[in-house]
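**Student:** Below is the structure I would like to discuss, written out as structure tokens.
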């Protein structure tokens, strides 16, 4: 069994991988991961090369927050994969390392989505852990009672501490973007893009929190209600960000060192301003149809598709015109279950033959 420390260390590496521009120090982090899995001594997590100097300092001050950072990042990646299931880009990780790979070296709309949802995921997990009393430097939310909560309802339950999660996520995640050399034009533009998308993810999470109430009274009479503020689920956040991904705005760095909105390539219309919750990107997306080690795309060969579907998961789209192979597989499942007195359920095993279509 892998020690608990190694488990959350693995998850933390997912977040560091997305943030990193994949310099040599990142690969040394991967090497240390292998050492950790082998059960040998490794550097303390705050000394891992994947952390920027500023992040290492924050890590040292808030070591008990690091499991929340790692779990929040993992939850975000899982939600990313759920939102893009059946698409050519499906937020896949590299099978050999469990990491997202060099695809985030490019300033694409996929990178924009990933940065935003990772930032939201860390904020979400930190806020929840504050509520649960698992972090020493925070507790329940101290938000005031919203105007839309009736006056006769009690406000004072223990709510998710989104304010603390928001601040910690901003301090820990964004600090590496502030450490880039502002004289390097492209790096500065990418850093501004990353920070904006990080902030969009956090703002979406914060804006969609809602009061949650619990009834008190004899036999469910609900004579009294106690309410508190609760964060949206990561699935809700993922759906909102998925819509933002489709409407992401292309930008470039101008002579003043700021992000400038570009005209939409399809409509030729230029937005005069972007909302704080809009996602922005700078580069075209690569061809996700074929495996490319340089760009980090895994390709769609071997992916399961849906024959006859006109959507993204359909074989015509997902297989990129290469066609597909159909295989027959036998699946065993429980069937004809009956309750026997007393007290067990007895089932038969049935064999079901199904067909599955796999992209060439």
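For all residues, glycine too, the Cβ spot is worked out from N, Cα and C.
Quantities reported herein were computed from a predicted structural model and do not represent experimental measurements.
Annotations per Swiss-Prot:
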- 1-37: signal peptide (SIGNAL)
- 80-91: disulfide bond (DISULFID)
- 90: N-linked glycosylation site (CARBOHYD)
- 130-138: disulfide bond (DISULFID)
- 140-158: disulfide bond (DISULFID)
- 213-227: disulfide bond (DISULFID)
- 215-222: disulfide bond (DISULFID)
- 219: O-palmitoleoyl serine (LIPID)
- 289-320: disulfide bond (DISULFID)
- 305-315: disulfide bond (DISULFID)
- 319-359: disulfide bond (DISULFID)
- 335-350: disulfide bond (DISULFID)
- 337-347: disulfide bond (DISULFID)
- 342-343: disulfide bond (DISULFID)
- 352: N-linked glycosylation site (CARBOHYD)
**Student:** What is the Cβ neighbour count of residue 337 (disulfide bond) at a 10 Å cut-off, with all protein chains included?
**Tutor:** 9
**Student:** Return only the integer: C-alpha distance in Å from residue 130 (disulfide bond) to residue 213 (disulfide bond).
**Tutor:** 19
**Student:** At the level of the C-alpha atoms, what whole-angstrom distance separates residue 140 (disulfide bond) and residue 227 (disulfide bond)?
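**Tutor:** Just about 13 Å between their Cα atoms.
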**Student:** Across all protein chains in the structure, which of the disulfide-bonded residues 130, 215, 289 has the highest Cβ count within 10 Å?
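**Tutor:** Answer returned by the neighbour count: 130.
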**Student:** Taking each of the glycosylation sites 90, 352 in turn and counting other Cβ atoms within 10 Å of its Cβ, which one has the fewest?
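**Tutor:** Looking at the glycosylation sites 90, 352, the Cβ with the fewest others within 10 Å is that of 352.
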**Student:** Neighbour count, 10 Å Cβ-Cβ cut-off, for residue 227 (disulfide bond): what number do you get?
**Tutor:** 20
**Student:** Anything within 10 Å of residue 215 (disulfide bond)? Look among the recorded positions 90, 227, 289, 343, comparing CA atoms, and list what you find.
**Tutor:** 227
**Student:** Within 10 Å of each Cβ, count the other Cβ atoms and name the one among the disulfide-bonded residues 213, 305, 350 with the highest count.
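**Tutor:** The residue with the densest Cβ neighbourhood is 305.
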**Student:** Which of these disulfide-bonded residues has the least crowded Cβ, counting other Cβ atoms within 10 Å: 140, 319, 320, 347, 359?
**Tutor:** 347
**Student:** Where's the emptiest Cβ shell within 10 Å among the disulfide-bonded residues 158, 315, 343?
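**Tutor:** The disulfide-bonded residues 158, 315, 343 were compared, and 343 has the fewest Cβ atoms within 10 Å.
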**Student:** Which one of these disulfide-bonded residues, 80, 138, has the sparsest Cβ neighbourhood, judged by other Cβ atoms within 10 angstroms?
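**Tutor:** Fewest other Cβ atoms within 10 Å, among the disulfide-bonded residues 80, 138, is found for 138.
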